Amino acid sequence: MAFAKLSAFVLALGATVALGESPTHRCLNKRVTCATGQTTANEACCALFPILDDIQTNLFDGAQCGEEVHESLRLTFHDAIAFSPALTNAGQFGGGGADGSMIIFSDTEPNFHANLGIDEIVEAQKPFIARHNISAADFIQFAGAIGVSNCAGAPRLNFFLGRPDATQIPPDGLVPEPFDDVTKILSRMGDAGFSTVEVVWLLASHTIAAADHVDPSIPGTPFDSTPSTFDSQFFLETMLQGTAFPGTPGNQGEVESPLAGEMRLQSDFLLARDSRSACEWQSMVNNMPKIQNRFTQVMKKLSLLGHNQADLIDCSDVIPVPKTLTKAATFPAGKSQADVEIVCNAAATPFPALASDPGPVTAVPPVPPS
């Protein structure tokens, strides 16, 4: 396990506990001061702080919420979701969940169709794993949690240390595709242990996301108008009537979007309008406390696929605290309530009253490369 790999390094670290506390108080509030000066609840987590600094400086361009953050978050999902208890119960290998297989078997798994383009972040992360004594399985989830923390408005995600690396390649076909219908997506996600509402919660990740390969003529095309902030614009803008493609038409898994420069995945469009998921989708619009809470819950669940939490070490306090975001959701300039395609009319989840941004019609710029 990664904990075993790190243990020798951890034992070499200086650690102190505050003196003058009662035994009971110390048991409840024990903090360890690492050799690097930071404090944490568990000595084993001290080894993560140098890795954190390296990631922020050399992978995320000085703690930015940019392309490499988007891709690292995508990798957390693609690595973990290749997990099928149904296959396991049928006597086949169903994948190891969050086991680093995408990096361990980087000559094979990134070539699966659903993983198109993920080889770039895989290759970017490999040198960090090579120079730090951490498993690929842990690094993928650690980098994803750190990356999310760079985005204003995001929740502080959990991180658990100690995942062993994969020993087998998961079967192809376990990662949902943007051209899959809702029934297929919900079935696949259900096999992995996620309910319909949890699928919607996971898609909060698309508020800080962009596509390079759905339409290769326009790399870096974001899924909402604010790809560097973790907000509810994605859920709002996916409910707006599509009017045009940001690049070329006819790409598999893409439908018309409401804004120039914004991409809309077919799967997002369908989930926002399907009777099984539309009300939960609508409930996320302008509801940041809910988005933050639910995304934290579901990302924890994703990161533990294939593992028992009791076997891992909680190092969540190593993850930086994201900046807060106070701006409410608004219609992009040129859009209003008249552009919303409402499917859910449940009294419990009414569509909120929102203002429209002033100025000319919104055009969304691409996410610049790292």
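Note that Cβ sites are derived from N, Cα and C of the backbone, with glycine treated the same way.
W201 (active site, tryptophan radical intermediate): 23 other CB atoms within 10 A of its CB, across all protein chains. If you look up Swiss-Prot, you'll see W201 marked as active site, tryptophan radical intermediate.
If you draw a 10 Å sphere around the CB of D212 (Mn(2+) binding site), it holds 19 other CB atoms from the protein chains shown. For E67, E71, D212, the entry in Swiss-Prot reads Mn(2+) binding site, with the evidence type similarity to another entry.
Marked as Ca(2+) 1 binding site by Swiss-Prot: D79, G97, D99, S101. Here the Cβ of D79 (Ca(2+) 1 binding site) has 34 other Cβ atoms within 10 Å, regardless of which shown protein chain they belong to.
What Swiss-Prot records for C34-C46 (among others) is disulfide bond, and it gives sequence analysis as the kind of evidence.
With a 10 A radius on its CB, C315 (disulfide bond) counts 24 other CB atoms from all the protein chains. The disulfide bond annotation in Swiss-Prot covers C45-C315 (among others).
Secondary structure at C151 (disulfide bond), as computed by DSSP, is coil. Look at Swiss-Prot and you will find C65-C151 (among others) tagged as disulfide bond.
Sequence annotations record features per position, and here Swiss-Prot assigns disulfide bond to C279-C344 (among others). A C-beta separation below 8 Å, combined with a sequence spacing of at least six in one chain, links C344 (disulfide bond) to A278, C279, W281, Q282, F351.
When secondary structure is read from DSSP and collapsed to three states, N133 (N-linked glycosylation site) falls in the coil class. Summarising the annotation, Swiss-Prot assigns N-linked glycosylation site to N133 and lists sequence analysis as the type of evidence.
Annotated signal peptide per Swiss-Prot: 1-20, in sequence order, evidence recorded as sequence analysis.
Its Cβ placed at the centre, R74 (site 'Transition state stabilizer') has 20 other Cβ atoms within 10 Å. Annotation comment: Swiss-Prot describes R74 as site 'Transition state stabilizer'.
Every protein chain considered, the tally of other Cβ atoms within 10 Å of the Cβ of G97 (Ca(2+) 1 binding site) stands at 25.
Cα distances from D212 (Mn(2+) binding site) to the recorded positions C65, D79, G97, N133, W201 are smallest for C65. In this structure, the CA atom of N133 (N-linked glycosylation site) is 16 Å away from the CA atom of C315 (disulfide bond). It is C279, among the disulfide-bonded residues C34, C45, C46, C65, C279, whose Cβ has the fewest other Cβ atoms within 10 Å in the structure shown.
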